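Here is what Swiss-Prot says about this protein:
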- 12, 15, 16, 61: heme c binding site (BINDING)
């Protein structure tokens, strides 16, 4: 599956949009915040899989039922939005 397909089928759309903040940050905000950081796709993939909090406000992102490969595909796709 492509990143866009995973975004649509894995529940990401409930909290995230490409260019506007919903519950979580927009993908354009994520890309702007982390642009140029080495290894950021791996870091984001780990957050997608395990969940996390504290980076974008009080509401935590829950762990997501994705494989490591799916999480990496999603992270790489998220980071294409500028």
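Just so it is clear, glycine is given a Cβ too, placed from its N, Cα and C backbone atoms.
Sequence features, as recorded in Swiss-Prot, placed on the structure.
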residue : record              : Cβ neighbours (10 Å)
12      : heme c binding site : 20
15      : heme c binding site : 14
16      : heme c binding site : 20
61      : heme c binding site : 19
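Each residue in 11, 13, 14, 22, 23, 24 lies on the same chain as 12, 15, 16, 61 and has a C-beta within 8 Å of the C-beta centroid of that heme c site, without being one of the site residues. Reduced to three states, the DSSP call for residue 12 (heme c binding site) is helix. Farthest C-alpha pair in the heme c-binding residues 12, 15, 16, 61: 10 Å apart.
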